[in-house]
Structure formats: C-alpha cells, structure tokens
Amino acid sequence: MSDIPLPPAGLRPAAARRFHAPTDEAPAARLVLILLAVLGLGVLVLAPLATVFAEALSRGIGTALASLSDPQAWSAIRLTLLVAAIAVPLNAVFGVAAAWAITKFDFRGKAFLITLIDLPFSVSPVVAGLCIVLTFGANSLIGGWLVAHGFPIVFALPGIVLATMFVTFPFVARELIPVMIEQGRAEEEAALTLGASGWRVFRTVTLPNIRWALLYGVLLCNARAMGEFGAVAVVSGKIRGQTATVPISIEMLYNEYMTVAAFSMAALLAFLGLVTLLIKTALEIRHADQLTAQRRH
Amino acid sequence: MTGRTMRHPFVQQSPMPGFGLAMGITVTMLSVVVLVPIAALLLKGADFGLANIWATVNRERIWKALWLSFRLSFLAALFNLVFGVVLAWVLARYRFPGRRLLDAAVDLPFALPTAVAGIALTALYAPNGVFGSVLADAGIKVAYTQWGILVALIFVGLPFVARTVQPVIEEIDREVEEASATLGASRLYTLRHVVLPMLTPAALTGFALALARAVGEYGSVIFIAGNIPLVTEIAPLLIVIQLEEYNYNAAAAIGIAMLLISFAMLLAINLIQIWSRRRIGHV
C-alpha cells in the first residue's frame with residue numbers, strides 16, 4: 001500500500017484538512033455529540049449531585065455536622081448500618097448458593113428459576129413493601145401469630161430488613177451467574193478428581209475465581225440497601241428514633257422544612273454513593289475480565 | 001448402564017457436590033423474601049374478589065394516576081432511548097479528556113438513593129432553585145407539575161439504555177462499517193442502515209428496563225411531584241395513601257394492577273431478548 005505515490009506536495013494540505021476516515025464521523029459532528037453528552041449529563045445528573053452538597057453546606061460545614069450529630073440522626077445512621085449488615089450478607093449467601101445451583105448443575109426449570117430471581121427488579125418498591133405488610137402485618141395469618149408471640153415484623157427491624165432484602169435480592173446472583181457460566185466446571189471437577197472435599201473445592205477453587213464479581217455484586221447490593229426508600233417507607237411505620245432509616249429521616253426532615261438537616265443526611269448518602277461508584281469503577285478497570293461484561297444494573 | 005448412572009428425573013447426575021444445600025438455600029430464601037409475599041398480595045386480591053378489585057381500581061383518581069405514571073414513564077424512557085444511544089456512542093467510540101469521568105457519571109442515578117435524588121431535583125427546579133428560577137423567568141414551571149415528574153423519571157432511567165447499548169457498540173466489527181463505506185455509502189447512511197439495526201435490540205431492552213423502573217418509581221418522584229390528586233399523583237403514591245389509611249384491600253387492588261403491568265413488561269423484555277437472539281445471535 002505504501003508505494004502508492006502521494007499527490008504532489010502542493011495539493012496535499014487542503015485535502016488533508018478536509019479528510020477524515022470514512023468510518024469516523026466528521027470532526028464537527030463528533031464535537032457536537034460529545035458536547036451533547038457532556039451537557040446532558042451535566043444538567044441531568046451532575047447538577048442534582050452538586051445541589052445535594054451545596055444545600056447541605058449552605059449554612060456552613062458546622063451546621064451540617066451539627067445536624068448529623070443529633071441523637072435522632074445517629075439512631076437513623078445506626079439503623080441503616082444495622083439493616084445493611086443483616087440484609088447484605090444474607091443476600092450474598094443467597095447469591096452464591098443460587099449461582100452455584102444454577103451454574104454447576106443441570107436441572108429442569110432452570111430458566112424459570114432465573115426469571116423468579118430477577119422478579120424483584122421489575123416490581124415497584126412500594127408494591128414490594130405492600131407485599132411484606134400483607135404477609136407479615138399484624139392482620140395477616142403469619143404476622144398475627146408472630147405478633148402474639150412477641151415478635152412483630154412490620155413497623156419493626158425485621159420488616160425493614162425483609163423489605164430491603166426484597167428489593168436488593170437479585171444483585172449478587174445476577175453478577176455471579178454469567179461469570180460462573182463463563183468459567184465453566186472444569187477446574188472444580190479437576191479438584192474433585194484429586195480428592196478435595198466439596199467445601200474445599202468451593203473455598204480454594206471457586207471462591208478465588210469469583211471474588212471480584214462477588215465484591216462487585218455486594219457493593220451494588222449494599223449501596224441500594226442503604227439508600228432504599230420506597231419499600232422501607234411502607235413497612236417502617238416511620239417511628240422517629242426507632243424505625244426511621246437515613247432515607248426515611250431525609251423525607252421527614254424535608255417535610256418539616258429542616259432543609260439543611262435533610263440535605264446533610266442526603267450528602268452523607270450521596271458521599272457513600274460516590275465512594276461506591278469509585279470502587280466500582282476501579283474494579284471495572286482492574287478486573288474487567290472477571291466481571292460480567294454486560295453492566296445492566 | 002447401571003441404575004446409578006441413569007438420569008434423575010429432576011436433576012442430571014453430576015460429580016459436583018452441594019446441589020441439595022445450594023438449592024435448599026436458594027428456594028427457601030426466594031420463598032420467604034419474594035414468593036410468599038407476592039403470593040400473599042395475590043391471595044389478598046383473590047379474597048377481596050375480582051369485582052371488588054375492579055370497583056376499587058375503576059375510579060377516576062386511580063385511572064388518572066395509572067395513566068399519568070405510564071404516560072410519563074413512556075416519555076422519559078423515550079428520551080433516555082435517544083440520549084442513551086448518543087451517550088453509549090460517545091463513550092464507546094470517542095477518546096477525549098474526561099471520558100472516564102463521564103462514563104462513571106452515567107451510573108450516578110444508580111448510586112444515588114432515590115430520596116436523595118428526589119429532594120435534590122426539587123431544590124434545583126423549585127421556583128427559587130438554580131434551574132427553576134431561570135425557567136420561571138421564561139414562564140416555565142417544572143417543580144410540582146408533570147414536567148417535574150418527567151425530569152425525575154428521566155433521571156432514574158438514564159443509565160439503562162446507555163449501559164445495555166455500550167457493550168454492543170464496543171463489540172461491533174469495524175470491518176462492516178468499512179465495507180459499507182467502500183461501497184460508497186455516506187457516514188450517515190452507514191450509521192442509519194448498518195450500525196443502528198445492530199443496536200436496536202439492546203436499545204429496546206434498555207428502553208423496556210427504563211420504562212419498568214419508571215412506572216414503579218416512588219422516592220425520586222414524590223418530592224418534586226407536589227402530589228395533587230388527579231393532576232400529579234403517581235400510582236405508587238396511591239398505594240402508600242391507602243396503606244396510611246389502613247385500607248389494605250384497596251392497597252392490594254392497586255398493587256395487583258401495578259404487578260400485572262410489571263409482569264407484562266417483564267414478558268416484553270424477555271420477548272425482545274428472544275427476538276434479538278434470533279436476529280443477531282447475542283443481546
């Protein structure tokens with residue numbers, strides 16, 4: 001190709017200026033598209049994010065921190081951490097078990113099981129909360145019995161945990177299943193042939209292979225668990241200092257026109273979201289080969 | 001063949017251990033957390049009776065709310081369909097300073113809790129907010145109107161199309177575009193007739209996901225909506241209102257209506273995926 005003679009030097013500059021590869025868009029079109037993307041994301045996404053911090057700091061950082069150290073704010077933060085500390089590990093156990101059953105065995109109804117696992121993603125959080133209330137509320141069969149035995153679920157911690165688990169249920173399984181399908185069963189089968197026990201195969205062969213995908217799933221699950229509002233709003237009963245999580249407190253403070261306090265709590269969650277995003281991006285850059293290629297949720 | 005190696009009626013023989021344990025955990029947790037609660041909702045509906053459900057749902061306030069939720073969700077998903085494809089294209093094809101930052105910013109709506117997004121959007125678009133005051137000068141009111149709901153729904157649905165389409169663009173074989181260019185097609189013609197058809201299934205999947213998410217969305221909408229009955233009341237809010245009045249039957253009736261809409265959308269997503277797999281071989 002290189003021995004095709006170039007046009008005389010005098011003709012080249014003008015032509016070169018107008019040239020762009022036929023499989024690229026014109027530079028002007030490219031610029032317009034990039035500006036559109038930057039402007040669109042700036043207005044739609046970055047502006048709201050900036051607003052959270054601007055409103056929280058509108059009376060100075062002292063006021064913001066003071067509103068966070070309020071005893072009720074503390075109890076909300078503690079409750080949110082406690083709910084996540086119960087719901088996220090349980091969902092991680094579920095995710096690993098479901099992914100193991102689905103990817104290491106062939107059984108009838110597998111596709112149906114996967115659909116059922118995905119179900120919570122297409123149910124409104126409010127409907128999810130409603131389902132929990134109808135199942136475990138004091139008026140229901142199960143709930144009535146539990147309340148009679150001194151173990152209320154709705155308007156108490158277990159209900160908030162269940163509602164949170166419902167909406168975050170598919171996160172870990174969804175992340176693990178494609179990764180484990182891609183990795184196949186050969187390594188585990190080799191380990192079994194060499195006489196390793198089932199538990200040892202899981203711990204020393206499978207777990208190291210899926211650890212980054214597992215971390216990724218847990219990370220997304222945790223971010224959603226700490227920020228869940230709709231489902232928790234329905235089941236929590238919003239008892240101040242008892243069943244008000246951080247997102248519920250944000251709503252209560254905002255409705256009482258305690259704007260700075262509401263946005264200080266919001267900034268706390270937004271900060272958590274940003275940290276999540278940072279770790280998530282780092283995982284995607286460093287361990288892309290061990291994560292699901294398709295990032296859907 | 002001995003009896004030992006014959007196929008089990010339910011699960012195929014495998015040397016892999018732990019099927020019972022893994023399946024036991026999966027089915028138990030799935031039942032307690034998801035299936036039994038959804039069954040409870042459906043049972044409540046069966047108990048209440050189809051006629052009563054219809055009588056509950058068939059009221060102007062509920063129809064208006066369902067229609068509002070669906071209509072605005074559709075418009076928001078449509079906006080995100082177009083903007084999402086542009087975003088995915090820019091992020092997958094162009095190299096420019098700040099691309100990584102832009103790429104991470106696409107996920108912000110997933111990372112930001114809905115209540116946080118809700119009050120932030122309200123503050124931004126309220127008549128005294130940064131955007132709201134500018135728009136108010138132009139005579140446009142966003143917060144506490146249907147436009148506000150639309151803005152919130154666009155926010156929560158923004159990543160879906162971009163994130164489903166982006167991997168597909170990255171996998172496109174550039175030779176196809178080269179072939180098209182060699183045959184004399186203009187760039188626009190190639191994009192329209194060669195590239196776009198390859199993106200359509202993924203874009204539609206993203207559209208359906210964004211739509212499903214928007215129809216059920218609650219947290220980011222209720223602050224900016226103003227919640228005026230018949231005007232800016234969304235369907236999930238009606239469930240919350242009924243529950244606050246301890247009207248469980250009515251709440252269940254609206255919940256079932258919404259659940260049916262969700263199932264219809266889930267079915268649509270699956271059909272799109274089957275259709276696209278047949279057409280191109282991957283989603």
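Cβ from N, Cα, C; glycine included.
Some features that TrEMBL has for this protein:
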TRANSMEM  B:21-43  transmembrane segment
DOMAIN    B:66-269  domain 'ABC transmembrane type-1'
TRANSMEM  B:72-92  transmembrane segment
TRANSMEM  B:104-126  transmembrane segment
TRANSMEM  B:146-165  transmembrane segment
TRANSMEM  B:194-215  transmembrane segment
TRANSMEM  B:221-241  transmembrane segment
TRANSMEM  B:253-275  transmembrane segment
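Away from its own ends, the transmembrane segment (B:194-215) comes close to residues 69-70, 72-74, 76-78, 80-81, 84-85, 88, 153, 156-158, 160-165, 167-169, 172, 176-177, 180, 185, 235, 258, 261-262, 265-266, 268-269, 272-273, 275-276, 279-280, 283 of its chain (Cβ-Cβ under 8 Å, at least six residues beyond either end).
Taking every recorded stretch in B:72-92, B:146-165, B:221-241, B:253-275 and counting its Cβ pairs under 8 Å to the transmembrane segment (B:104-126), the highest total belongs to B:146-165. With pairs at least 6 apart in sequence, the transmembrane segment (B:253-275) and the transmembrane segment (B:21-43) have 3 or more Cβ pairs within the 8 Å limit; the two touch. The highest tally of CB pairs under 8 A with the transmembrane segment (B:221-241), across B:72-92, B:146-165, B:253-275, is held by B:146-165.
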